[in-house]
Amino acid sequence: MRPSGRTASQIRPVTITRQYTCHAEGSVLVEFGNTKVLCNATVEEGVPRFMKGQGKGWVTAEYSMLPRATHTRSGREAARGKQGGRTLEIQRLIARSLRAALDLKLLGENTITLDCDVIQADGGTRTASITGACVALVDALTYMRSKGIIKTNPLKHMIAALSVGIYEGTPIADLEYTEDSEAETDMNIVMTETGKLIEVQGTAEGEPFSFEELDELLKIGKHGLRELFDIQKAALA
């Protein structure tokens with residue numbers, strides 16, 4: 001039995017609120033149960049030096065957690081003068097995932113930065129960030145078209161992400177913190193709405209897992225991701 005009483009494949013209630021702040025070209029508050037992440041998309045002219053002259057755009061991301069997003073206060077990384085390895089890993093994952101959603105040639109030499117700030121953490125912050133940031137990205141692209149910055153929508157497909165894992169011997173979807181901290185296996189799946197995989201990150205925290213368990217994790221992950229795509233589309237309707 002899961003602590004929340006959810007079934008093995010049941011995801012938490014998910015809410016996506018668009019235009020959450022007034023300044024960003026795309027702004028979304030995404031909630032997976034008690035996990036809440038603010039995803040803001042900023043459009044800027046120009047690209048990083050290594051991209052100049054290629055006629056393509058760029059998508060990058062930054063990720064952070066507010067000091068009291070967790071049970072105990074964590075100090076601001078800015079105060080320490082450097083980002084931690086976990087933060088760097090997560091923001092690279094977010095950026096890689098979102099770049100896979102676009103035809104960068106159609107973006108022109110423009111950069112979109114996704115800032116994902118965790119307001120409250122209860123597991124699955126990186127997957128919530130990707131799912132919410134994709135909606136913020138769509139709104140930023142709409143803004144760019146309305147201002148004549150781009151002529152054609154570069155979006156190839158929506159993307160979303162979901163955590164899965166093995167908890168007390170059972171494959172489950174969308175782990176909350178109490179499950180994540182005790183899971184025997186922890187995995188994140190990033191997928192396109194067409195059913196293709198962008199990234200699968202999986203680690204046996206305790207007992208190694210079998211190929212049969214891997215297949216089951218991918219199966220319940222795909223089922224949950226289908227629900228997330230429906231929620232994204234409803235938010236954008």
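For all residues, glycine too, the Cβ spot is worked out from N, Cα and C.
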Candidate sharing the phosphate site with Gly124, Thr125, Arg126 (per Swiss-Prot), from Arg80, Arg86, Arg99: Arg86
Check: same-chain CB within 8 A of phosphate site center, minus Arg86, Gly124, Thr125, Arg126: Tyr63, Ile90, Val118, Ala121, Gly123, Thr127, Ala128, Ser129
Cβ neighbours of Arg86 (phosphate binding site) where a neighbour is any other Cβ within 10 Å: 11
